[in-house]
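Colleague: Straight from TrEMBL, here's the annotation block:
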type	residues	note
BINDING	30-37, 147-150, VAL176, 184-187	ATP binding site
ACT_SITE	HIS37	active site, proton donor
BINDING	GLN61, GLN153	(R)-pantoate binding site
BINDING	GLN61	beta-alanine binding site
Amino acid sequence: MKVITTIQELQKELASYYVANQTIGLVPTMGYLHEGHQTLAKAAVAENDVVVMSDFVNPTQFGPNEDYEAYPRDLERDARIADEVGVAILFAPSVEEMYPHQGGVTFEAGPASKILCGASRPGHFNGVLQIVTKLFQIVRPTNAYFGQKDAQQLALIEMLVRDYNMPITIRPIAIVREEDGLAKSSRNVFLSETERQLAPNLYKTLQVLQRNIASFNQKKAIEQIEAATKGRVDYIELLSYPDLQPVTSEDTQVILAAALYYENVRLIDNIIFKVGE
Ligand code: AMP
């Protein structure tokens, strides 16, 4: 596996694949890889001639009081893990390489970016769409892999590709969990020991809520999650998926999505399911 840090070198490396019309899989990540990322990469390796994984903590998707500086980073470890699952190129650019110009064109995502995580992270999804668009332009992948863990992000990227006619297939990958049900996340390292023990109750409560979805009540759901996790709920919402609208009798697929604050970390989780299942 090659670790590449410049756009020029990356494109030189990919040139023969473009010419031969071969398939390129892209797995965008912020690094500090875990089994969730590996699952995305394995799917990409199975479905493409070559796989590029990006490893870049994107500053434009972090708010001023968020954890950009503290976000865990370990490129050497990431390179080992990516290599193990068959990634051919790990693209790990610097911030200067990705953003050499200031004050140019940025993205303004629509209403679906202002709810759920977007409500407490203003501008976050504009930054996500900016970096994803740049990566799509730089790599020109055939297929790009995203986790359902970040279901709102996935929905917005599907909208981006649709609205801007990008010739890329988005491949969604199911949430990978720890044995006790906690969704794997690079940020789980910020959980205290007690929080780590209680955190799986977020998913357990979502499962209980799913089983009783006909009587879903937001206020009660907040109380249930907070009692079970001892965290503070940022949101718990039941919406249609992937359009993220209030559920109507027409909708068949819905998302039950939640975010929870602990002392040094904010966790997200969700269940996407068909109504009546
Ligand atoms: P991140 O490095 O957290 O930005 O995540 C990079 C990609 O991996 C995103 O598409 C995430 O949705 C996906 N991902 C992160 N954690 C998981 C997980 N536990 N299961 C599945 N996909 C995940």
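Cβ atoms are placed via backbone N, Cα and C, with glycine included.
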Colleague: Using a Cβ-Cβ cut-off under 8 angstroms and a sequence gap of six or more, which residues of the chain neighbour GLY36 (ATP binding site)?
Modeller: GLY147, LYS149, ILE175, VAL176, ALA183, LYS184, SER185
Colleague: Using a 6 Å cut-off on Cβ distance, which of the binding-site residues LEU33, GLN61, VAL176 come close to any atom of ligand 1?
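Modeller: Among LEU33, GLN61, VAL176, near ligand 1: VAL176.
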Colleague: Of LEU33, VAL176, the binding-site residues given in the record, which has the fewest other CB atoms within 10 A of its CB?
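Modeller: Counting other Cβ atoms within 10 Å of each of the binding-site residues LEU33, VAL176 gives the minimum at VAL176.
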Colleague: Do me a favour and check the Cα-Cα span between GLN153 ((R)-pantoate binding site) and LEU33 (ATP binding site); whole Å is fine.
Modeller: 18
Colleague: For SER186 (ATP binding site), what is the tally of other C-beta atoms lying within 10 angstroms of its C-beta?
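Modeller: Excluding its own Cβ, the number within 10 Å is 19.
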Colleague: Can you tell me the three-state DSSP label for LEU33 (ATP binding site)?
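Modeller: DSSP assigns LEU33 (ATP binding site) to coil.
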Colleague: Including all protein chains shown, what's the count of other C-beta atoms within 10 A of the C-beta of GLN61 ((R)-pantoate binding site)?
Modeller: 21
Colleague: Run through the Cβ atoms and count how many others sit within 10 Å of the one on MET30 (ATP binding site).
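Modeller: Total other Cβ atoms inside 10 Å, all chains included: 19.
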Colleague: Long-range same-chain neighbours of the residue listed as 'active site, proton donor', Cβ under 8 Å, sequence gap at least 6?
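Modeller: Counting only residues 6 or more apart in sequence, the Cβ neighbours of the residue listed as 'active site, proton donor' under 8 Å are VAL27, THR29, MET53, ILE81.
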Colleague: For the C-alpha pair, I'd like the distance in angstrom between LEU33 (ATP binding site) and GLN61 ((R)-pantoate binding site), rounded off.
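Modeller: Given the Cα positions, LEU33 (ATP binding site) is 19 Å from GLN61 ((R)-pantoate binding site).
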Colleague: A 10 Å Cβ contact count, applied to the binding-site residues GLN148, GLN153: which residue has the minimum?
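Modeller: Across GLN148, GLN153, these binding-site residues, the one with fewest Cβ atoms within 10 Å is GLN148.
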Colleague: If H, G and I count as helix, E and B as strand, and all else as coil, what does DSSP give for GLN148 (ATP binding site)?
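Modeller: Assignment for GLN148 (ATP binding site) reads helix.
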